[in-house]
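Q: Once you've had a glance at the structure underneath, I'll fire off some questions.
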Amino acid sequence: METCPSLTRIVRSNILSAIANDSRIAASLLRLHFHDCFVNGCDGSVLLDDTDTLKGEKNALPNQNSLRGFDVIDKIKSDLESACPSTVSCADILTLAARDAIYLSKGPFWAVPLGRRDSTTANESEANNLPSPFEPLENITAKFVSKGLEKKDVAVLSGAHTFGFAQCVLFKSRLFDFGGSGKPDPSLDSSLLQNLQKICPNQADSNTNLAPLDPVTTNIFDNTYYKNVLSNNGLLQSDQALLGDNITSSLVNNYSKWPILFFRDFAVSVEKMGRIGVLTGQQGQIRTNCRAVN
């Protein structure tokens, strides 16, 4: 495999300055990697812009006006093309960026295997079928299993909601009219409910307002998310749903008590996610511009 001695330094320095410039970007980069890997595998397909002949994934419902961090990936790519032309794929850049974003947010570090190649196609319909916070845990788990992951990985990777923000539209149904009851979700802590109703008033123009997924340590990758879920302070319906299943609820309990256990398991699960459907060898290509096929 081709090598690029400056790879690690270039990625790390770019992620450091991106976080200094925007504390929210670390979580956004991890989400970008997740949305890449769950659609046609970790192949950089999420980075492709629409053209006359190619329908990208950026306008799929879960991604539109929501995915961010493309500019950070572009900057890393441009630096790498100067240092090591046509050597590091966009899919590998995104995987490394997600790893460094977590590590530089005080999270775990893990070794990222490299050698992914970039796709020449994208899949908008599969992007529209990404796991959604409105789905029951069974459905979310089935989507993880279809990618070679398991129920444990759902509980572990949900821990990524220890940092970053969500738009009101993703949890507003819990605040005012849960399941058509005309009342808030009874499994939502009442003081969190009041705070969220201020951030997301019951009107359409609040849909894009942002609330922290973990209001306690919003930009730090730690195990606070699990403590929040245990005290009915999970933001998304899918976060709180982890308590409704024996397997996932016992993991929530364990991770709330043992941050080192969470870090270890998270590193294993996210590395496994980074192997979904990868293109290797002569498959795909190494894009020179992450937004377009060569």
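The chain as shown is numbered from 1 upward.
Each Cβ is built from the backbone N, Cα and C atoms, and glycine gets one as well.
This is the feature table in TrEMBL:
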DOMAIN    1-294  domain 'Plant heme peroxidase family profile'
DISULFID  CYS4-CYS84  disulfide bond
SITE      ARG31  site 'Transition state stabilizer'
ACT_SITE  HIS35  active site, proton acceptor
BINDING   ASP36, VAL39, GLY41, ASP43, SER45, GLU57  Ca(2+) 1 binding site
DISULFID  CYS37-CYS42  disulfide bond
DISULFID  CYS90-CYS290  disulfide bond
BINDING   PRO131  substrate binding site
BINDING   HIS161  heme b binding site
BINDING   THR162, ASP214, THR217, ASP222  Ca(2+) 2 binding site
DISULFID  CYS168-CYS200  disulfide bond
Q: Would you count the other CB atoms within 10 A of the CB of CYS84 (disulfide bond), including those on all shown protein chains?
A: 16
Q: Do any residues at least six apart in sequence from CYS4 (disulfide bond), in the same chain, have a Cβ closer than 8 Å to its Cβ, and if so which, in order?
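A: Correct list: LEU80, ALA83, CYS84, THR87, VAL88.
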Q: So if I draw a 10 Å sphere around the Cβ of THR162 (Ca(2+) 2 binding site), how many other Cβ atoms end up inside it?
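A: The Cβ of THR162 (Ca(2+) 2 binding site) has 28 Cβ neighbours within 10 Å.
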Q: Based on Cβ atoms within 10 Å, give me the single least packed residue among the binding-site residues ASP36, ASP43, GLU57, ASP214, ASP222.
A: ASP222
Q: What whole-number Å value do you get for the CA-CA distance of THR162 (Ca(2+) 2 binding site) and ASP36 (Ca(2+) 1 binding site)?
A: 20
Q: If you average per-residue pLDDT over the domain 'Plant heme peroxidase family profile' (1-294), what number do you get?
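A: Averaged over the domain 'Plant heme peroxidase family profile' (1-294), the predicted model reaches a pLDDT of 97.
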Q: Of all the recorded positions given, VAL39, CYS168, CYS200, CYS290, which has the fewest Cβ neighbours within 10 Å once its own Cβ is left out?
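A: Candidates: the recorded positions VAL39, CYS168, CYS200, CYS290. Fewest Cβ atoms within 10 Å: CYS168.
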Q: Compare the Cα of ASP222 (Ca(2+) 2 binding site) against each of the recorded positions VAL39, GLY41, SER45, PRO131, CYS200 and report the nearest.
A: PRO131
Q: Which whole-number value in Å describes the distance between the Cα atoms of VAL39 (Ca(2+) 1 binding site) and PRO131 (substrate binding site)?
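A: About 11 Å separates the two Cα atoms.
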Q: Hey, for the Ca(2+) 2 site built from THR162, ASP214, THR217, ASP222, who else sits with CB inside 8 A of the CB center?
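A: Going along the sequence, the neighbours come out as PHE163, VAL216, THR218, ILE220, PHE221, ASN223, THR224, TYR225.
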